[in-house]
Amino acid sequence: MRRNRSDEPVDADAALETDAATGEIELDEERFEMLRDELRMTFDYQVERLQEIDAKAIEILKANLLLIGLVVTGGSIIVQTDLNVVPFVNLFTIAGGLLLLVSTGLAGVTYTASNLRGGIDADAVEVALESSRGGSDREEDRFEVRLLRSYGRWIEYNARVTAVNDMFATVTVLMVIVAFVYVVAGIAAGVAGPSLLVTGLAFVALTGILLWLASFAYFMDHLGASVAYGTGTFDGVRISKGVTRKRGLSTLRTMRSERGTDEDEDGQ
């Protein structure tokens, strides 16, 4: 695959020029090759990004399951001894344990949420064969034109899928980090043995700080979203994060809806 072109992909719909008088699409072989290469490069980047997110989710899932197994095994051994563990069972450690369990579930959801779209099906093959036989007089029915437009639709759809997966992955990572912070704070509180009031105030203060830091990290995708590009250029595709968080949440609601079919996704 050639990657010596610009990393800003070309919008297929914008790049297909239409003759104002005849309404026919003008697409020579050189332009078709250029557009196809750019679109394929963007599509491949999206696939690589989703695979990267899935790999991270699996690693987090494995690590969490291993840690939970160690905690359960260690706990079953400790309860059989005379060691007093009651001071270490406090708000911090309970919250950390719950977050660890939730992050484990989210890691599994992140891995199963990937649903990319792309590639040609049997109908597309028939269109290609019909086009090669000159079965259609309309320029917009040509296989090459429909392929480029399809790439544009696939890239847009995959950008929404990437946004959903990235949200799950981001929340999962943040939960794991916060869980470990809570556990460390809980161990420190168990050693120090403060009063219940002091423990509660410290828990509220730490929670407020962690929520602020987590919200800042979660909305890091807004960087560059409002950058104004000059005239005569394409905006490009948000490959790493997909669409914005707002559109990602809208896509997630569509996925959860009973009417969330592929046709609904295309209509957005």
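Here the Cβ of each residue, glycine as well, is placed from N, Cα and C on the backbone.
Curation does not apply to TrEMBL; its annotations are automatic.
These come from TrEMBL:
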- 60-79: transmembrane segment (TRANSMEM)
- 85-109: transmembrane segment (TRANSMEM)
- 167-191: transmembrane segment (TRANSMEM)
- 197-219: transmembrane segment (TRANSMEM)
Maximum Cβ pairs under 8 Å to the transmembrane segment (60-79) - stretch from the list 85-109, 167-191, 197-219: 85-109
Intrachain neighbours beyond the transmembrane segment (167-191), with Cβ under 8 angstroms and 6 or more residues off its ends: 53, 56-57, 60, 64, 87-97, 99-100, 102-103, 106-107, 109-110, 113, 199, 202-203, 206, 210, 214, 217-218, 245, 248-249, 252
